Amino acid sequence: MQCCTTPLSPHEQRLQDKIAGKEDSFRKSHERVFNILDSFDGKRPRIDVERAKLFTDSMKETEGQPLVLRWAKAMKHVAEHITVYIDDDQLICGRGGCPGRYGVLYPELDGDFLDLAIEDLPNRTESPFTITEADARVVVEEIAPYWKGKTYHEDLNLALPSDVHKLTYDDPQGLKSRFIVNETSSFRSSIQWVHDYEKVLKRGFRGLKEEAQEKIAGLDPLSPRDNVEKRPFLEAIVIVCDAIILWANRHAKLAADMAAAETNPVRKAELETMAEICAWVPENPARNFYEAVQAQWFTQMFSRLEQKTGTIVSNGRMDQYFWPFYRKDIEEGRITEESALELLECMWVGMAQYVDLYISPAGGAFNEGYAHWEAVTIGGQTPQGLDATNDLTYLFLKSKREFPLHYPDLAARIHSRSPERYLHDVAETIKFGSGFPKLINDEEIVPLYVSKGASFEEALDYAVSGCTEARMPNRDTYTSGGAYINFAAALEMVLYNGRMLKYGENELGLETGDPTRFETWEEFWNAYVLQHEHFLRAAFIQQHIINNVRARHFAQPMGSALHDLCMKHCLDLHTPQIPEGINLGYFEYMGFGTVVDSLAAIKKLVFEDKKLTMQEVIEALKCNFEGKEDVQQMLKSAPCYGNNDEYADSIAREIDAISVKYGRRYSPELGMHNDVRYVPFTSHVPFGKVVSATPNGRLAWTPLSDGSSASHGADVNGPTAVLQSNFSSKNYGYRDRAARMLNIKFTPKCVEGDEGTEKLVSFIRTFCDLKLWHVQFNVINRDTLIAAQKDPEKYRSLIVRIAGYSAYFVDLSPDLQNDLIARTQHDAM
């Protein structure tokens with residue numbers, strides 16, 4: 001616990017009040033959502049096998065048929081037979097699994113991991129799940145055997161050339177990751193996505209079904225393509241629209257049955273209303289705010305049942321597509337701000353019960369703390385370029401300040417004309433201390449997307465998805481998860497001539513020579529460039545194969561029904577190249593700050609100042625600085641990224657240039673944009689576990705730097721210098737770049753009071769002016785994190801910002817907890 005003179009964030013203060021047994025006035029006035037929250041909060045999520053079992057049963061019966069038809073029929077089978085639930089106190093219904101927190105299985109993706117996962121998941125350090133003995137038997141005896149030899153992961157594993165395979169996997173079956181050039185496509189069928197929810201609210205699935213039926217009627221009966229490709233696609237759209245309508249109607253019947261048996265008149269009326277709403281939406285257009293929320297939730301949840309899309313389907317621009325319904329209901333007196341907020345918070349607790357499940361060990365390690373990226377996007381601009389904030393925008397921010405839940409993720413779009421009131425509310429919400437909202441910059445993203453082929457209207461209407469990504473519904477298309485590349489490993493291979501201490505004499509990289517014989521910085525730099533490009537080569541070969549393999553394994557009829565280009569061309573979203581679409585792919589840079597600082601130290605101390613020899617550096621690294629602490633301190637004192645120091649920042653810019661130039665040269669061969677991105681999720685922790693000590697003074701097997709953030713403790717010139725280094729390290733002359741995740745940690749004292757709010761608003765303006773992609777904040781005292789480590793039960797509800805999402809601190813592994821504690825804590829701006 002902090003000293004009484006140490007300012008606490010409101011989140012910390014609420015937690016201390018709870019520990020002290022003080023009454024929570026907000027809880028008292030929001031009994032409904034807290035009753036739901038209490039039913040599952042703090043409990044380990046359970047694996048629910050119904051979706052996997054029903055999906056598998058259907059796929060067994062449809063072999064030989066077009067994949068898109070098989071998928072639609074499988075979803076119809078799921079809709080008919082999956083158990084439907086309505087939680088006590090809930091006003092919004094539709095879930096994909098058992099009561100409480102749950103995760104579902106997608107055996108079509110990575111079913112070859114199932115046997116291993118059933119044993120591993122309950123005992124994992126990162127994001128464990130439970131499973132009943134009966135469900136485990138179903139998985140082992142009924143689900144897994146069918147998918148052996150049929151999964152996407154197995155196909156990919158066999159397709160990779162041997163030189164790429166050895167950088168990707170550490171075993172022939174591809175069950176163990178090497179954490180060097182890591183493919184991520186096998187634990188999600190695509191990267192993050194945002195549906196066009198507005199289409200559902202305005203037209204309903206009956207309207208989408210009728211569109212498909214009209215297209216079927218217009219097909220040329222003699223055309224080979226119309227018969228072989230278009231007809232199965234359109235028939236699948238009809239089937240899947242019927243499926244989600246059926247699923248909603250089953251909820252309507254359940255609500256009506258529950259209402260008939262209910263003795264409490266208030267709850268009886270609520271259930272009757274729910275029955276009426278579920279019988280209307282999502283089949284038909286929504287008529288009011290309540291129906292709009294329910295229709296969106298049905299769409300979102302059925303999409304999650306349909307496929308493992310990215311790291312959960314995001315919610316899009318909720319303050320825009322819900323706004324007409326909210327405004328009309330407010331004006332006509334049907335709802336109040338508080339009743340609307342209650343509906344949204346019922347949705348939030350529904351989101352918090354569905355937990356994204358990664359059955360592969362790598363997937364679990366990459367997405368710690370039950371990672372979730374169902375981003376709700378607020379603010380920004382309209383397609384016409386006007387400021388988009390409205391009353392709902394502020395309602396979402398208010399909910400984040402009042403309701404202590406780590407769901408949903410909240411992303412606030414910022415632009416140069418964002419209103420002062422909006423920035424003030426955003427700053428106050430950040431100051432609350434639970435990590436919301438993350439900030440996304442229109443001034444970087446809109447022109448960048450226009451340069452990649454979007455119209456201004458499309459780019460201005462982007463929605464945040466995943467960790468820091470942005471999607472343009474109806475224009476960009478599905479892309480498989482890209483490679484995560486451990487460039488700190490590339491640096492290590494320069495030091496050990498193509499080898500790594502973790503993997504012994506295995507020659508994984510190029511033999512670039514004995515670094516102790518390099519006489520100039522240019523020789524060392526050129527060796528690094530060769531290793532760097534060797535990794536990029538492997539990543540692009542991976543992606544080329546992935547693009548060809550994916551369409552053989554996945555279809556998404558419901559997602560396709562919601563995409564204009566898919567319907568126009570009668571092509572599934574998983575089609576590698578959809579006419580008029582923009583395919584926004586990426587590869588991930590791991591250890592950016594680690595590599596920059598290491599190269600700066602070698603250049604400065606070895607080749608320029610000659611204070612150390614390369615031999616002395618390597619000897620210190622091999623013994624992990626034990627007995628060589630003086631060398632470690634010298635290395636740490638070299639210029640570092642994150643301080644607005646051109647010496648280090650120029651190296652960062654050159655490293656970035658290697659990647660963007662490679663992407664520009666070879667992306668056209670992939671038929672997509674394959675751009676450099678700096679968004680590690682939590683993978684900088686497992687990637688660090690294979691990298692020995694590095695020349696920036698980092699100890700062996702410890703986490704790498706995360707995203708485009710500075711190395712822990714290296715950024716000593718304040719947070720504005722961090723922004724300036726981030727700006728200086730980018731190659732703005734290239735469009736071949738994507739998201740950059742940036743973490744900043746403030747003490748509550750730094751942003752205390754009205755003055756602190758104004759300083760934070762000014763900081764946000766600077767972020768916007770520098771055209772940086774993303775920034776997110778932790779506002780917390782280090783002592784609170786240490787206290788939570790020592791007494792996790794008391795701090796069960798402590799929420800922190802991790803990697804584009806917020807999570808309960810106690811749900812993180814000790815390694816990730818320590819990584820968060822070690823982040824530089826800024827106490828002044």
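Cβ coordinates are placed from backbone N, Cα and C, and glycine is handled just like the others.
Features reported for this protein in Swiss-Prot:
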ACT_SITE  Cys467  active site, cysteine radical intermediate
ACT_SITE  Glu469  active site, proton acceptor
BINDING   Arg188, Gln192, Cys467, Thr468, Glu469, Arg677  2-hydroxyethane-1-sulfonate binding site
DOMAIN    706-829  domain 'Glycine radical'
MOD_RES   Gly804  glycine radical
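Feature annotations (Swiss-Prot) mapped to structure.
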residue	record	Cβ contacts under 8 Å, 6 or more apart
Thr468	2-hydroxyethane-1-sulfonate binding site	Lys438, Ile440, Val679, Ala739, Arg740, Met741, Trp773, His774, Gly804
Glu469	active site, proton acceptor	Ile191, Gln192, Val679, Ala738, Ala739
Arg677	2-hydroxyethane-1-sulfonate binding site	Gly482, Tyr586, Phe587, Glu588, Tyr589, Arg737, Ala738, Ala739, Arg740
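Residue environment of Cys467 (active site, cysteine radical intermediate) contains 28 other Cβ atoms, counted within 10 Å of its Cβ in all protein chains. All protein chains shown were included, and the count of other CB atoms within 10 Å of the CB of Gly804 (glycine radical) stands at 30.
Annotated pair Arg188 (2-hydroxyethane-1-sulfonate binding site) and the residue listed as 'active site, cysteine radical intermediate', C-alpha to C-alpha distance, rounded: 14 Å.
Look at the domain 'Glycine radical' (706-829): DSSP puts its residues at 52 helix, 22 strand, 50 coil. Residues Arg188, Gln192, Cys467, Thr468, Glu469, Arg677 are listed as the 2-hydroxyethane-1-sulfonate binders, and the farthest two of them sit 18 Å apart at their Cα atoms. Neighbours of Gln192 (2-hydroxyethane-1-sulfonate binding site), defined as other CB atoms within 10 A of its CB across all chains, total 25.
The Cβ of Arg188 (2-hydroxyethane-1-sulfonate binding site) has 25 other Cβ atoms within 10 Å, all protein chains considered.
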